[in-house]
Structures are given as structure tokens and as C-alpha cells.
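Below: the structure, in C-alpha cells.
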């Protein structure tokens, strides 16, 4: 049995899609659907059971999972970088993850955890996923800090020898529609361009970057789940790994790709960055991918223009945009 926490969410539901693509349906989806639209991410998927997050947490707390579990893909977390409730993040992103990791270690189940590139803070220490760098990182927001604390705990307790914790960079692609303000700029741009014919980006607050010239490592969600599938097949590959393309691109590049995919000429306007984001905004991110490559991962990452074109034309423009 495979358990996917956050299985109705963005990357989680994409992982359920990948498992289905590989002929696997013995899947338990763990999530908190509440009043969100996440349920739509599951309509096309095949799995044996859905368990509410709180019920699952009780099972984990008592060490009493009613399945013979092969692997847990732990994508369940609060992923809002703007979340300000630190106690909630500590409980949801740290304590819950530690308990689940311990249970997997005890039972021999494969454990793959979602960390984040938000752990790298302002990037002044670079974006290396080696353990020495990890010890010195200073995240800019509480979300990144909660993810950093799990990785530090796993390192300190010797758990990184038996799990994979993945620092996802800027992920985009189908099944992110429920995320509101946390949707990728591609998803937002498609709607804004369709309605107004223009896309607005934040002006740069960094003297080294022009407006729209801030750079991020954008990775297609299908590539993320390919990496996780490979890790499931290679349980001896463990540690903290970056999951990005290793090639930073500008916001202008990204938005231009959306315009091109929509067969429109780019029209970009720049607006002031909200006060609450200033000082907490990463102007540059680029994954160092040597560690994952050296471990033997063969996944070839999709070029930005190709990923954006597929996302726009195959999904965003479709009657059913879901995987």
C-alpha cells in the first residue's frame, strides 16, 4: 500500500496520477478537503481509500496504521509562504512529519518528505543541498523555517540515512487550481491575460535585478513526480535533495512563455511589491542538482517554454484541466 499525504493537493495529487500511470491503485489518500476545491484533483484518479488528516494523525500517534504500508509520500503540509500562525506550522509541518517519519523507520516503509527551497532564505549562502550548508541556512518566512526544522531534526537524529527529503523549487503545472494566491504565476497569468490582455509583475526591490528580471528555478510538476517515482524504486538513495532544473529563468521569461503559448504578443506591466513581502522575497533561486545526479537520478527536466506550452494548451485551455 502507498500512502500519499496531501494527496488531494498539488504535488500530492500529481503523485497519485504518476502511481496510477504506473498501474498502481493500492493508494490511500490523506488530506483535509474541507470546503476547498481540492476534491476535483481526485476525480480522475484511482485509489482505495481517503482518510482525513486528523484521523490519520491519530493513527500515526498511536502507531496503528491498518495497512501493510510499502511507502509514504509525505506531501501534506501548510505550503503558504505567507502563513503567520507559527504554532500551526510547528504542529502541522514539523511535529506531524516527525511522527510519521519515525513510524516509517520503525516499520520499514519508504518515506519521502516534501521540504522546500524556502529553506534557503535570501540565497546568500547559495543553494547547495549538502548537509554542511543546511546547518547554516536562515529562512525568510515561518513556512521555510518549519521545513528547515524537520530537515535539521532528521540530520541530528540520523534519519537522513533512511529517508529522502526533497527541496522543491518553484513548481508549476496542472492540479494547482485550488491554491488561490499560492498558485504559480503561470496559472495566474493565463487568467489575467485572458481577461485583460496584460500581465502584471512586481517591480524589483533588488538593485542587481531589473523589473521582471528576478530569477527563479521553475520546475514542471510532472518532473517532480518522476523524481519521486525514481526514489521509490531506489530506496537506498537517501538524504536531502534539491528538486529543480538547475537553470534559473526570469519572471519576464516565464510570462513571455505564457503569452506565446496563448498565441499573443507579450504585454507586461510592473507594480509595486506589497510591503509585507519586502525583505522576505527571494530575488534569485537556482537548484544545485549535482547531488541528485550523482545518486544516479536519470530524470531529464522539461525546458521552461515546453512545460509552459503543455500546461497552457493541454490543461489550462481544456474543459477538464486536471491530471
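Just so it is clear, glycine is given a Cβ too, placed from its N, Cα and C backbone atoms.
From a predicted model like this one, the values you see are computed outputs, not experimental measurements.
When Swiss-Prot records 170, 188, 202, 203, 204, 205, 216, 281 as binding substrate, the matching candidate from 181, 223 it lists for that site is 181.
Annotation for residue 38 (NADP(+) binding site): same-chain Cβ neighbours under 8 Å, separated by at least 6 residues, are 8, 9, 13, 31, 178. Between the recorded positions 10, 143, 281, 10 has the most other Cβ atoms inside 10 Å of its own Cβ, all protein chains included. Secondary structure at residue 31 (NADP(+) binding site), as computed by DSSP, is strand. Residue pair residue 170 (substrate binding site) / residue 10 (NADP(+) binding site) shows a Cα separation of 12 Å. The Cα of residue 281 (substrate binding site) lies closest to that of 143, out of the recorded positions 10, 75, 143, 179. Of all the Cβ atoms in the protein chains shown, 17 others lie within 10 Å of the Cβ of residue 179 (active site, proton acceptor). When the binding-site residues 147, 203 are scored by other C-beta atoms within 10 Å, 147 scores highest.
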